[in-house]
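**Q** One structure, pasted below without further comment.
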Amino acid sequence: MRGALCCQQDVLNNTKACSRSDITCICADNVYQSAWEECVLANCTVKNSFIAKRMQSYQCGLPTHQGRPAADPALIVPLFLATIFFTTRVVSKCMHIGGRWWWDDYTIIVAYVLAVIIFSLNAAMIRHGFGKDIWNITPFDEITEILKTFYIYVLAYKLQISLAKISVCLFLLRIFQSAAFRYTAYTIISLNSAIAITWVLVDAFRCTPVHLAWTGWAKEEDGKCIDFIAATFANSFVNIAVDTVMVVMPVYEVIKLNLNARRKLGVGVMFAMGLVLTIVAILRVVVFYFNRWNKNPTVELQPINVWSVIECQIAVVCACLPAARAMLVRFFPGLMVGSAGESDARRATRPSAPGTHGKISQTMSYSVEYTRRAQERASTSAVNLVELDRERV
């Protein structure tokens, strides 16, 4: 604190605009405030500079950030939706609607659990003071707890987003059987796996020693960290590119189907809902760009945390949409576009696991087929895209 007091006197002597006792003048003098802050940062420890900043804010009556509530409706609503859609998917599988359990289901279970963990970690950070001005967080150990929780939060986020996308690709492999589509899907799965592994490792070891990721703010120990902002931007742009490809893939396949416009629209819109996730990812990047942290990370990081939590929940919703549609077709067929009654072909089919189809030498047309399997219960039904009039060898 002695350094801060010396800075106050030195700056006042140099500027000579205000007397030391004229608090109103000092608080209103932007030149003094900037010079004082630079002096404090150069001559005081980080903790002492925070104490000085806290006292200055109190004396000058400066506005403070109080952060968002731990039970934030903006985050609870997406979590609620994710839970509803995820539960619907699990119930549909238990009722044998939409096919048997497969890797896409197991993957989305892990992704949903991680989404709940991410929501909980964000709430834990808020309880420690996340969202408040960093110099107003007391005791200082709370800052360390916030950044330690944030460290785990980032790792969980990178893993969850990739797992949700892998689940979607695995589901699509059960529906679309064309060789070109399957090669593309496997490529996207491999890419998402590489993204998850790479960025989890990058974030896990971004500081040397590792614990500087949550203790380095005090600058009491030597070490180095990579540019977290640049790494976050790079990861975000890669994810947006992958999201775009994943939306185009199934929509393009649906366009080629031999369906009337009404049915094609119903199926296409379901797959195009992935655009919502892409839009959220873009908004997250924009928010991060305008809130890159500098001197107040506990405030400047909060907006991107909010959008990250939302993105994780929306990813689960998008992955579970087909199961929700299958449930609606089963119990409310009249509500779904493209679900004609018994007239056309009221038969139910499930997506087959990859490897159960023969090699396709020629594809003549596409359609939506409903079949009823004798070995399954008569009440079991679901909608899937299958190829018709194809020759197998």
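The backbone N, Cα and C atoms fix where each Cβ goes, and this holds for glycine too.
All TrEMBL annotations are machine predictions without curation.
Annotations per TrEMBL:
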{"type": "DOMAIN", "residues": "5-60", "note": "domain 'CFEM'"}
{"type": "DOMAIN", "residues": "89-329", "note": "domain 'Rhodopsin'"}
{"type": "TRANSMEM", "residues": "103-130", "note": "transmembrane segment"}
{"type": "TRANSMEM", "residues": "150-176", "note": "transmembrane segment"}
{"type": "TRANSMEM", "residues": "183-202", "note": "transmembrane segment"}
{"type": "TRANSMEM", "residues": "237-255", "note": "transmembrane segment"}
{"type": "TRANSMEM", "residues": "267-290", "note": "transmembrane segment"}
{"type": "TRANSMEM", "residues": "306-328", "note": "transmembrane segment"}
**Q** Other than its close neighbours in sequence, what residues sit by the transmembrane segment (306-328), given a CB gap under 8 Å and a spacing of at least six beyond its ends?
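**A** 68, 72, 74-75, 78-79, 81-82, 85-86, 88-89, 91-93, 97-98, 104, 108, 111-112, 114-115, 118-119, 122, 157, 160-161, 164-165, 167-168, 171, 270, 273-274, 276-277, 280-281, 283-284, 287-288, 335-336, 381-383.
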**Q** If you average per-residue pLDDT over the domain 'Rhodopsin' (89-329), what number do you get?
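**A** Here the mean pLDDT over the domain 'Rhodopsin' (89-329) amounts to 89.
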